[in-house]
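Per TrEMBL, Fe cation 1 binding site is recorded for Glu34, Glu64, His67, Glu152. The Fe cation 2 binding site annotation in TrEMBL covers Glu64, Glu116, Glu152, His155.
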Amino acid sequence: MLQITRGVHTGRELMAQRCSKLVDSVIRVDHAGELGANQIYRGQMAILGHTKAGKTIQHMWEQEKAHKEEFDRLINKYRVRPTALLPFWNVAGFALGAGTALLGEKAAMACTVAVESVIVEHYNDQLRKLMDDPTFTDKELLDKIQRFRDEEQEHHDTGLEHGAEQAPFYRALTDVIKFGCRTAIKIAEKV
């Protein structure tokens, strides 16, 4: 029997208020991904902030900051446990951003293209799963994921427009980054 006394909730009631496993996984992995994206752009700005690419990178970073802020809010709203790997995401994201930026502007843009192509694909998969779930009713969350997906696609396209494909070893570089991103997504969904 559940008892509620002046705003005090029992453990069972709090569990009943938690979100579905699907929403829990979506928010956990997207929060981790947006943290990682912020760190990638932070790393790129540390190296390329003073170059002609700096303004473009800063614009994409500002959008990523807004994405992360929203997922910070959603983590609390839905009472989702963040991934245990947040410290790793901080370091790995910055290292990836700074490392590719050290290879030059085109390599930094190749990193953006690789990461964002995986993220757009990932957001599309999430949208399909959420729309196919008859118990899912949060149109606001759906709208946010769609908007963020569209902005990630814009970042991908910006990277291509700024010469990503001219980066040294473009195919190998982007394949390695894509593999890393896909692996990180699978881990963050669970851990």
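A Cβ is built for glycine as well, from the same backbone N, Cα and C atoms used for every other residue.
Report note: the Fe cation 1 site is defined by Glu34, Glu64, His67, Glu152, and the residues of the same chain whose CB lies within 8 Å of the CB centroid of those residues, excluding them, are Gly33, Ala37, Asn38, Gln63, Ala66, Lys68, Ile119, Phe148, Glu151. Sequence-distant neighbours of Glu64 (Fe cation 1 binding site): residues of the same chain at least 6 apart with a C-beta under 8 Å from its C-beta are Glu34, Ala37, Asn38, Tyr41. Taking only the Cα positions, the spacing between Glu152 (Fe cation 1 binding site) and Glu116 (Fe cation 2 binding site) is 6 angstrom.
In terms of local Cβ density within 10 Å, Glu152 ranks first among the binding-site residues Glu34, Glu116, Glu152. Cα of Glu116 (Fe cation 2 binding site) to Cα of His67 (Fe cation 1 binding site): a distance of 14 Å.
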